[in-house]
Every structure is written in C-alpha cells, then in structure tokens.
Amino acid sequence: MSDGEDCPPLCDMDAVDDSNGEDDEWEVAEEQNDPVKCLFCEAISPTMTVAIRHAKQQHDFDLAGVRRRFHLDEYSYIKMINYIRREKPAPEHFKTASGSSLPWADDKYLQPVENETWLMFDLDELDEIMLNNGGGGGVGVNGVSGAIENGNELGDTMTLTTDQYRKLQGIINDLTAQLREKENLLQHAASSIEKMKESFRHVVAEQQQPNGKDSGKGDAEEGAEGDKKLEQIKRKLEHCVSSVSVDDDQSYFNTYSHFGIHHDMLSDEVRTSSYRDAILRNADIMKDKTVLDLGCGTAILSMFASKAGAKEVISVDQSDIIYQAMDIVRRNNIDNIRFVKGRLEDTELPVEKVDIIVSEWMGYFLLFEGMMDSVIHARKQYLREGGLILPNRCNISIAGYGDLERHNEFIGFWKNVYGFDMSCMKREVLREATVEVCKPEHIITNANIIANFDLMEVDVDCPNFSYDFELLVKRDTQLTAIIGYFDTFFELPEHIEFSTSPYSRPTHWKQTIFYLEEPVPVREGQKVCGKFICRRDPKDVRSLFINIEVLNMVLKYTLN
C-alpha cells in the first residue's frame, strides 16, 4: 500500500466516545430485561436504569437520594415501593416525609400490589448505575456536570475515580452501621437497666412481705438472703443471649445466610416432616390463630402454619435469608405472613400477643447455639395466656459407645502421621466434642435421660445442669466414648415426636461424641457411674462447656 493510498481508520473515536455510556448501561440492563412501569406515571421503560433516570428527570424523584435520606435497606425499600403502588403519593411527598414516622413503616406494605419489577431490583446495583450515569449529578447548559441539591448548584465539585468512590462509599456504610449499632447498644443497655430495676423491686417486695418466720431472725441474715437473690437474678441477666450485643452476635446469624445449611435442614426429612405433621395434622389448633415463627429461615414452618389455617403468621429472623423467604412466600401466593428482620430480643413485633410459637431452635446436643433463650424470651413477652409452644418438650440422653475402629481413626491417628509423632495434639483434639453419625451396633450400654426441658416452664439458666448417671454395660467390650442425643415432642391431640438417637433414622443433628483418650475395658453387667455437668461457656453464651466425671477421670469438652 503506497503512502498516497487512504488508510482505513482503526476505529471511529467519536463513535467510541458516544457509545461508552450505552455500553455501560447495557451491562446493567442485562440484569433487568423486563419492562419497568414508572412509579408515578404510565410510562414504560425497557430497563431499570432507564426507569430510574426517567423518575429523576421527569418527576424529580432521586432514588439514590431517597435511599440515603431514609436509610433504606432491602426490607424498607420493599415496603416503600408497595406503598407507592398502593397509595399513589406525589413525588414531592418524598421531600417532606419525616424520617421518624415514615408512611410506609406499617408491615402491611410488605404485601405487593401486583407483579412488580421494582421489587426485583437489587439496591446494591444502584451505586453502579449512578456511577455509569455520571453519579446522578445534573448537567449544566454547557454540558459540564455539576452537583445539584434541591435544585441549587453547590459550586465546585470533586472528581473521584471509581475505586475512590467505592472506597469512600464503603467508609460511609461502615460508619452508618457503627452508628446504628451504638444506638442498638444504648437501647439494649436501657432495657437491661429496667430489667435490673424491676428485679430489685421484686426482691425488696419479697423481703417486706410477712412470711410467718421467727421474728427473731436477724436483719443481717435477711439482708444477706436478699443480696443472694439479687445476685442470682443479675447472673441470669448477664449470661444469656439477650445480654450480648447484636454486633457481637451477628456472626451466629451470618452462618444462616448461606444456602447450604438451609438445604441440609430442609432435606432432613425427619426434622421437616415432623414439623409439617405436627402443624397440619393439628390444623384445628392452628385455625384462626396468630402464630410466631421464631428464626423462620426460608419460612417453611410459616407456610405450614398458613396452610393449616392460621389467621396471621409473624416470621422473625435476623439472618439475611429472610429476604429469600419473602420471595418464596410471594412466589407461593401466600398473603398472611408478615416478616420482621431482627433479633427477637431487640425487636418489637407488630402484634402484642401471639397464640402459638413455632420454632426449630434445637442445636447440636440440643442446647448448642443457645436459641432456646429466644424461645423463652418470646414466651415471656409475646405468648398469650393459654398459648402453645411447638415443640413443647425436649430431653437429652447419653449412652456408652464402643467403636474401636473409629476411635483409632480419629484419636489414634495422631500417634503416627506420615511417620511423625503428633500425639501432643490429642489433648486439644479430645477437648472438642465431635458431631457424627453413630452406629447403633456400637452402643454398649443402656441410655440415661439426663435433662428434661418443658418449654412452657424453663428459664434461661436451663443449660446449666448436672446429672449423676449410671450406665449398665450390655457386653464385654471397650468403652471409647460417651455419646449424647435428644428427643423432641409435640404433645398435641395428634401426637408427633422424633428422636436423634443412633437407633432412629439419621438427622442433620447426628449425635454428639465425647471421646475418651484411650479405650477402657468394661464387662457385661458392669455399672459405669459418673457425673455429667453442662455449663454455658462464660465467654460465649451460645457455646457449652461439658465435664464428665467417670472411671476416676475428669474429662473436659467444649461445644463451640
């Protein structure tokens, strides 16, 4: 090709400049292909990006600004959209609404009016959309972008790179979260102070009541007894789930934000079908009742209750899985389930009392995770007199176990690891109780029920208990572990119960194994006697310390 010949351009630079915005917009539009109806008029936009721009340009409704002003999370955003569709407010209304009493605060706005594309929008995409569209800033007459608020130009603006903007946005989000947490802590502290005052008043009232005892009893003795009672009450208040801040407790709820754990629980047929049968086979009890589903997860129990004829179901969960639960309920066209996101101890329900509390609160060895505390709190605060808790009773059992092969795999393993002696690991390995499926043929003693829990009676100190056990050996063998499991009861007209015993169909709870360091020979007819002591972990109310005194040994374990 000669120098005189025309060389075709590699690209049209003007065309590239013109297309940048369209390409960015197209990337966002790929996620939202459904037509979007305007919130304030009959206009139809092809994508959410176009719909958001239309609302800002035609109605002066800045979604990003509204989100910041009212601190919208996904939960309150859903309610706001449904409020707009149902009440049809003017766009100007969102400039004058008070943040302290929002018109869409009522939970009735969780129920969508129609198949709504705006409800499918992920708020996390809003920042990216605003970036791709110039940050939402106004455009001056000369085409120069400037910051505008309430129609007035603010003057000079600062240009940030995308990374700088996102970093700044992250800092703002962190600070906002910290502020909300401090507010929660203050509210919790105020609540705890009121509880302490009430407990103190109760102790004083008891001391002042005539009790018919010897009038010669010294004031000092009575005062000491009152102080002892007050100290007991303080300890109860100080060491249960309600005494832990939401921030410190959030890691527990985060584990339930992952879908795998919900698959495990839902596919546990023993667990899920037992709840289903207890609710649906006792539909007469559920009919026209207000039901609280505590720790609702995917809302499977809420939907069972609705199907059984409940008038209303209040579904509470602090985990983000609650947002998927909302979608599940909408997809199944159920309209009497109301969701509340939050930890029950720090949340006000939309009803004063409920008729029935249903909850799948049980953890490994029944008490791990400490969720029974929340059931007790719900019973005290919200359960109507004569109401029901489902399940209403559970117990814990232990038995002797003798699986030499498994003991050698798990404990003996450390004696020779690829030719190296790692037996110094054994002590720490043994301290951790393990959760496994135990084989029934290796159960070598009878079982002892070491704890019974009536959910209508227990208090938050119930994880602290001890039991003197006596296990009768069935054959000559070697004892390698003590195992624990629990049974659950729905004591209703149509009685339902299930067990996590090794003799029953396996569940996702399996069994809890407390391994001995070395196998101990035992003989048929021998009584293996000892003491089982369970205590909350002083540093983690959802974890447990277990001591087992047996065969002249004191064995210490943790469940955390």
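Here, residue 1 is simply the first one shown, and the rest follow in order.
Cβ atoms are placed via backbone N, Cα and C, with glycine included.
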### Query
Which stretch, out of 1-22, 331-352, 485-506, is listed as region 'Disordered' by TrEMBL?
1-22
### Query
According to TrEMBL, which of these ranges is coiled coil: 95-129, 165-199, 515-549?
165-199
### Query
On the 0 to 100 scale, where does the mean pLDDT of the coiled coil (165-199) fall?
69
